[in-house]
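Undergrad: A single structure is presented below for examination.
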Amino acid sequence: MMMMSWCRINNIAVIVLLIMAYCNVKYCEAELSPDFYSNSCPAALSTIQNAVSKAIAKERRMAASLIRLHFHDCFVQGCDGSILLEDSATIISEQNALQNFKSVRGFNVVDDIKSAVEQACPGVVSCADILAVAARDASKYVGGPSWTVKLGRRDSKTANKDLAEANLPIAFDDLEALLSSFARQGLSARDMVALSGAHTIGMAQCITFRSRIYNDTNVDAGFASTRRRSCPPVTGNGDGNLAPLDLVTPSSFDNNYFKNLLRRKGLLHSDQALFNGGSSATDGFVSGYARNQASFYSDFSAAMVKMGDISPLTGSDGEIRKICGAIN
């Protein structure tokens with residue numbers, strides 16, 4: 001009897017060792033959970049929401065900036081808060097990447113959120129999770145969809161400027177480049193179009209759409225003429241002048257962005273690349289979202305959750321930064 005029990009224990013031990021050897025550590029770790037801070041920091045979500053609401057009430061444009069920060073974070077070595085790290089002796093900041101330089105913003109708001117959360121629960125809530133929750137709360141504040149945010153990400157100890165320039169889409173991309181960029185992150189064409197709908201809010205600099213309004217052929221003439229008034233043709237002249245990504249309702253989250261694309265009124269070349277009059281792989285998604293805002297909201301929410309799952313640091317990986325702009 002004792003021999004049988006000993007064999008059974010040995011067999012169980014062997015199985016456990018085999019499982020440990022087979023499993024990739026990433027898959028064996030605890031998964032992200034909406035309830036991750038329920039016990040360790042029950043005030044986390046309400047603290048973040050209050051700070052986000054305060055920031056957007058002060059500057060409506062901040063909603064778009066916070067959503068963009070989460071997006072630009074997740075596309076570079078996963079949703080790990082790496083975009084927040086500033087230059088240091090050991091860090092070359094992703095903020096210096098072409099797609100981010102002097103355009104990503106909202107870092108002061110994230111710092112304010114982190115400070116408030118640290119007062120409630122020191123050393124518990126990651127900057128990566130703050131970005132994920134802030135993006136959701138920003139969308140909701142300006143009339144957009146809400147979704148359940150999974151939590152438990154940890155913060156990276158590294159940044160990667162070169163990877164940012166390789167992975168992040170750029171305003172001049174054509175459809176093929178956009179599809180490839182999103183596919184590398186495990187995101188589908190539907191995900192890509194839905195996530196692009198975040199351009200229903202926010203602004204863009206003249207330097208990012210100058211070529212579109214002066215050189216592209218699939219652009220509404222009246223729209224191009226209007227945008228040219230504040231965006232001169234010569235590089236270096238008015239580069240930072242801003243224009244709304246959504247001409248109709250630039251401060252509200254809705255489906256007018258897609259309606260604009262049907263009328264060839266996408267501000268960026270990469271925006272209009274999503275719709276080419278019925279012949280491209282993404283035209284159907286654009287037309288569908290233009291007709292049905294509820295469908296857009298549903299797909300946008302699902303895509304944001306999916307994006308938030310990109311290669312998070314969990315368990316003992318990374319750290320919980322005390323300050324979002326610097327490693328501990």
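Including glycine, each Cβ sits where the backbone N, Cα and C put it.
Copied straight from TrEMBL:
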ACT_SITE  His72  active site, proton acceptor
BINDING   Asp73, Val76, Gly78, Asp80, Ser82, Glu94  Ca(2+) 1 binding site
BINDING   Pro169  substrate binding site
BINDING   His199  heme b binding site
BINDING   Thr200, Asp246, Thr249, Asp254  Ca(2+) 2 binding site
DISULFID  Cys41-Cys121  disulfide bond
DISULFID  Cys74-Cys79  disulfide bond
DISULFID  Cys127-Cys324  disulfide bond
DISULFID  Cys206-Cys231  disulfide bond
DOMAIN    31-328  domain 'Plant heme peroxidase family profile'
SIGNAL    1-30  signal peptide
SITE      Arg68  site 'Transition state stabilizer'
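Describe each of these features in terms of where it is and what it packs against.
TA: Counting Cβ atoms from all protein chains shown, His72 (active site, proton acceptor) has 23 others lying within 10 Å of its own Cβ.
Around the Cβ of Ser82 (Ca(2+) 1 binding site), the number of neighbouring Cβ atoms within 10 Å comes to 28.
Applying an 8 A CB threshold to same-chain residues 6+ apart, the list for Pro169 (substrate binding site) reads Gln99, Ala177, Leu178, Ser181, Phe182, Ser270.
Of all Cβ atoms in the shown protein chains, 25 besides its own fall within 10 Å of the Cβ of His199 (heme b binding site).
For Thr200 (Ca(2+) 2 binding site), other Cβ atoms within 10 Å of its Cβ number 28.
For Cys121 (disulfide bond), the same-chain residues that are 6 or more apart in sequence and have a Cβ closer than 8 Å to its Cβ are Tyr37, Ser40, Cys41, Ala43, Ala44.
In the shown protein chains, 30 other C-beta atoms lie within 10 A of the C-beta of Cys127 (disulfide bond).
Under 8 Å, Cβ to Cβ, and six or more positions away along its own chain, Cys231 (disulfide bond) finds Cys206, Phe209, Arg210, Ile213, Gly238, Asn241, Ala243.
Across the domain 'Plant heme peroxidase family profile' (31-328), mean pLDDT in this model comes to 97.
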Undergrad: Between Ser82 (Ca(2+) 1 binding site) and Cys74 (disulfide bond), what C-alpha distance do you get in Å?
TA: 9
Undergrad: So what sits near Thr249 (Ca(2+) 2 binding site) in its own chain, CB-to-CB under 8 Å and at least six residues off in sequence?
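TA: Listed in sequence order: Thr200, Asn256.
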Undergrad: Would you list the other residues of this chain near Ca(2+) 1 - those whose C-beta lies within 8 angstroms of the C-beta centroid of Asp73, Val76, Gly78, Asp80, Ser82, Glu94 - in sequence order?
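TA: Neighbours within 8 Å of the Cβ centroid, excluding Asp73, Val76, Gly78, Asp80, Ser82, Glu94: His72, Cys74, Phe75, Gln77, Cys79, Gly81, Ile83, Ser156, Ala159, Asn160, Ala164.
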Undergrad: Rounded to the nearest angstrom, how far is the Cα of His72 (active site, proton acceptor) from the Cα of Gly78 (Ca(2+) 1 binding site)?
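TA: With the alpha carbons as reference points, the distance is 9 Å.
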Undergrad: Given the disulfide-bonded residues Cys41, Cys74, Cys79, which one has the fewest other C-beta atoms within 10 angstroms of its C-beta?
TA: Cys41
